[in-house]
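According to Swiss-Prot, the features are:
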- 1-21: signal peptide (SIGNAL)
- 22-338: topological domain 'Extracellular' (TOPO_DOM)
- 64-112: disulfide bond (DISULFID)
- 114: N-linked glycosylation site (CARBOHYD)
- 138-234: domain 'Fibronectin type-III 2' (DOMAIN)
- 144-154: disulfide bond (DISULFID)
- 183-196: disulfide bond (DISULFID)
- 214: N-linked glycosylation site (CARBOHYD)
- 239-338: domain 'Fibronectin type-III 3' (DOMAIN)
- 268-315: disulfide bond (DISULFID)
- 298: N-linked glycosylation site (CARBOHYD)
- 321-325: motif 'WSXWS motif' (MOTIF)
- 339-359: transmembrane segment (TRANSMEM)
């Protein structure tokens, strides 16, 4: 028994010493942060490259495959984006209206340390575009609409208090273009560039679309404005057309319309229907181009509806409602309205003809009476001479 007790005690001591030795060994292992960490702007209007070089390693760790933990954000953001990578660079889009900060450390995996993972200290860097011009000189009310998923149009207003000689230029870039491009079809107001009609944009969907609008003036520097869009989220479709309203029976009504023309697939639409029954209006939505509704009263005399469309959540995160379609209506008791429509003018004309006839008859009677009275006087004179 004493031998067994001694053996267990020895094993316990050995385990404690091994664990302590391993902890001591790991505590002594240190790894350096990556070198030459920087943010590089290749001129893509906000699509930046974060890049670095491997840290300096002791010879016994050179065969280890290390990873890097990268964190970055715009300076006014509360949340960091975190990336774990084995590469020496990472690219992402940023709002260049604000500053950017990033930090990175080295992760030495557990298999290289015979223990737990080892992290280096952080290497940090920041990036700002070169500031120029007062904030008030930036354009205002930038508005971009991707009409029918085919034609992109952007418009803006001039900055506050800018000199009359100020003019603006728009540049854009998205992944697939070799370099940023300038607008070739400006919308002009009083000779100044206040918008842009873009050319056909090939393969531009579901990726960041970067825009910069800067300006020039001989009187003052103009601060540029930067924007990032996802084009599928600013699509404004055409309104639906060929609406039909069918009253099936005393209660059921069928509303139907054609999907908007253009390249947008049928599965990508959601429709908003505004239905009016005798002055009472309600609104509903559907992803189909047909809907059945129930009349609130089978004695309702007028039913009307109109429809508009938008790209739904299956094809985009957001969208812009189209204009409303033309209104389509149904009216009950149409024979009564038809009779009233024709009866009133007919009655008016009949009364008018009757009055004219009476006047003519009265005039004719008066004329005959005058002629008869004249003839009677002539005959009286002839009797006297005889």
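Any Cβ shown, glycine's included, is placed from N, Cα and C.
The model shown is predicted, which means the values in this text are computed figures rather than measured ones.
All features noted in Swiss-Prot, drawn onto the structure.
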residue	record	Cβ within 10 Å
64	disulfide bond	13
112	disulfide bond	18
114	N-linked glycosylation site	10
144	disulfide bond	18
154	disulfide bond	23
183	disulfide bond	20
196	disulfide bond	25
214	N-linked glycosylation site	18
268	disulfide bond	22
315	disulfide bond	19
The domain 'Fibronectin type-III 3' (239-338): mean pLDDT?
87
On a C-alpha basis, identify the one among 154, 196, 214 that is nearest to residue 112 (disulfide bond); the candidates are the recorded positions.
214
Residue 64 (disulfide bond): which of the disulfide-bonded residues 154, 268, 315 is the nearest Cα neighbour?
315
Please report the distance from the Cα of residue 214 (N-linked glycosylation site) to the Cα of residue 114 (N-linked glycosylation site), rounded to the nearest angstrom.
56
Tell me which of the disulfide-bonded residues 144, 154, 183, 196 ends up closest to residue 315 (disulfide bond) in space, Cα to Cα.
144
Using C-alpha positions only, work out which of the recorded positions 114, 144, 154, 196 is nearest to residue 268 (disulfide bond).
144
Return the member of 144, 154, 183, 196 nearest to residue 114 (N-linked glycosylation site) in space, with distance defined Cα to Cα and candidates limited to these disulfide-bonded residues.
144
In three-state DSSP terms, the structure that residue 114 (N-linked glycosylation site) belongs to:
coil
Taking DSSP three-state, what's residue 268 (disulfide bond) in: helix, strand or coil?
helix
